[in-house]
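According to TrEMBL, the protein carries these features:
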type	residues	note
BINDING	257-261, 298-305, 396-398	FAD binding site
DOMAIN	5-143	domain 'Photolyase/cryptochrome alpha/beta'
SITE	Trp329	site 'Electron transfer via tryptophanyl radical'
SITE	Trp383	site 'Electron transfer via tryptophanyl radical'
SITE	Trp406	site 'Electron transfer via tryptophanyl radical'
Amino acid sequence: MAFGSGSLMWFRKGLRIHDNPALEYATKGSAVLYPVFVIDPHYMKPDPSAFSPGSSRSGLNRIRFLLESLVDLDSNLKKLGSRLLILKGEPGEVLVRCFKQWDVKKLCFEYDTEPYYQALDVRVKEYASASGIEVFSPASNTLFNPGDIIHKNGGKPPLTYQSFLKLAGQPSWASSPLTITLSLLPPVGDFGNCEIFEVPTLKELGYEDPGQEDLTPFRGGESEALKRLRDSLSDRDWVANFEKPKGDPSAFVKPATTVLSPYLKFGCLSSRYFYQCLQDVYKKVKKHTSPPVSLVGQLLWRDFFYTVAYGTPNFDQMKNNRICKQIPWNDNDELLAAWREARTGYPWIDAIMVQLHKWGWMHHLARHCVACFLTRGDLFVHWEKGRDVFERLLIDSDWAINNGNWQWLSCSSFFYQYNRIYSPISFGKKYDPNGNYIRHFLPILEDMPKEYIYEPWTAPLSIQTKAKCIIGKDYPRPVVFHDSASKECKRRMGEAYALNKNLNGLVSEEELNSLRRRLEGNQKQEVKSKRRKIIAD
């Protein structure tokens, strides 16, 4: 083998051939190429103590989606005369082992702004540089490099979408063609005594395979991503008129969005290629929607959250997060479990949570409803707890976007109109008066008449009996009553906002606890006086 001619392409996300600058660079002037993916036990090892099947980090749906994406990547690499080399272990240690055994002169991987990868990449880059290995790590997961936007803004991330758009302008690469196909890759180098594996099955990772009907209808992989992209873009009128947040959250046979988010999350689809394809459609139609509501607007939202997340220390928590309001959320594990396990007694909320468990995906408006219900709308449970559930169960769970959206929906950051609450009854009814979505995901309510399906506790006992669903026995009573619970939540939010304003956002733990005690004391007093009134009446 010629000296200095080996490249290692380290796949993490970015599981694609098209528009993959790191892969393209790895092939240039290389006699051999090592396309590597490391099975990280931190992410993959089964955790029997978790609340749903999966590892400590991820539910089974997302693990399976990743495995399918790897099988597809391997197959696409084989068509180009290469293959995917699967290694196992802590990625930093595994790569150092590879550097020692293989004659690698170039290490290429897609840049990642997530804290886990940032820490990992520093270690790997330092070792590579000290060993005389060239490192190439382009920012190709987003439309813009988040670091560039922050630099343009004087070292701080823009905190509104509009200011982000102004700073961002047009992407620098947008007017030149992206590399969509590669004709041939260098052969795989000799891997010495490194143990190389095939892509494992769920069973080989130690999971019971639950069978297709219990898992997400969305298959992983670049081939599936490009097919889904073509199908979505074939309806030009739909693309031109797309307007978020419109769309029907109860549509499940054919979802009312592209469902491309999981493919963007794993980089099976390049967001830059998606952007260019959308621009091509826009050129061919008379008029089209614009950001923030258009499809291009959705890609820009993704970049916005990536940028804010990258430039905000402790972005994934309330404490020590300078852009997050300090709110005395209650610590009620029973309410959290009822929400997570789809037994709040509100069929619209519970059906969405069942879809999340089964499919690992639901419409963005459905996500808004359950996030609002858990936090500022009804249960007043901490957004971090809801974020953890989504982070585990969503196939498109993305660190920056998930944390950003939970702060938004709990009115902790970005959006502050806490009086605007999604009703767990009337919101779903508006889209699906017959309750077909509820009947599908909560079959226990299949025979409940439509007049009662959103509020089954109001159905007379004779109707419950006929529907074979007794409330309190076959399906739970509501954990709270929305009207009074949402009033109480608004009151608490108002007090918390006032405290944040008075202290200019610098609320200490002590001050937060003191407000929590006062609010809970007030609530107890109110309950007592209501009881006295009822007895007196």
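Using N, Cα and C of the backbone, Cβ positions are placed for all residues, glycine too.
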Composition by DSSP (helix, strand, coil) of residues within the domain 'Photolyase/cryptochrome alpha/beta' (5-143): 57 helix, 30 strand, 52 coil
Spatial neighbour of Trp301 (FAD binding site) that is closest, considering only the recorded sites Trp329, Trp383, Trp406 and their CA atoms: Trp406
Of the recorded sites listed as Trp329, Trp383, Trp406, the one whose CA lies nearest the CA of Leu299 (FAD binding site): Trp406
From recorded sites Trp329, Trp383, Trp406, the one whose Cα lies nearest Ser397 (FAD binding site): Trp406
Overall pLDDT for the domain 'Photolyase/cryptochrome alpha/beta' (5-143), taken as the rounded mean: 96
Among Trp329, Trp383, Trp406, which are recorded as recorded sites, the nearest neighbour of Phe305 (FAD binding site) by Cα: Trp406
Pairwise CA distance, Val259 (FAD binding site) versus Trp383 (site 'Electron transfer via tryptophanyl radical'), rounded so that it is a whole Å: 24
Of Trp301, Trp329, Trp383, Trp406 (the recorded positions), the residue whose Cβ has the fewest other Cβ atoms within 10 Å: Trp301
Residue pair Trp383 (site 'Electron transfer via tryptophanyl radical'), Trp329 (site 'Electron transfer via tryptophanyl radical') - Cα distance, angstrom, rounded: 8
Cβ atoms near Leu299 (FAD binding site) (within 10 Å, other residues, all chains): 21
CB within-chain contacts under 8 A for Asp303 (FAD binding site), separation at least 6: Thr142, Leu143, Phe144, Pro146, Phe164, Ala168, Ser271
Integer Cα-Cα distance in angstrom, Thr257 (FAD binding site) to Trp406 (site 'Electron transfer via tryptophanyl radical'): 20
Nearest-integer angstrom distance between the alpha carbons (Cα) of Ser261 (FAD binding site) and Trp329 (site 'Electron transfer via tryptophanyl radical'): 30
Pairwise CA distance, Trp329 (site 'Electron transfer via tryptophanyl radical') versus Trp406 (site 'Electron transfer via tryptophanyl radical'), rounded so that it is a whole Å: 14
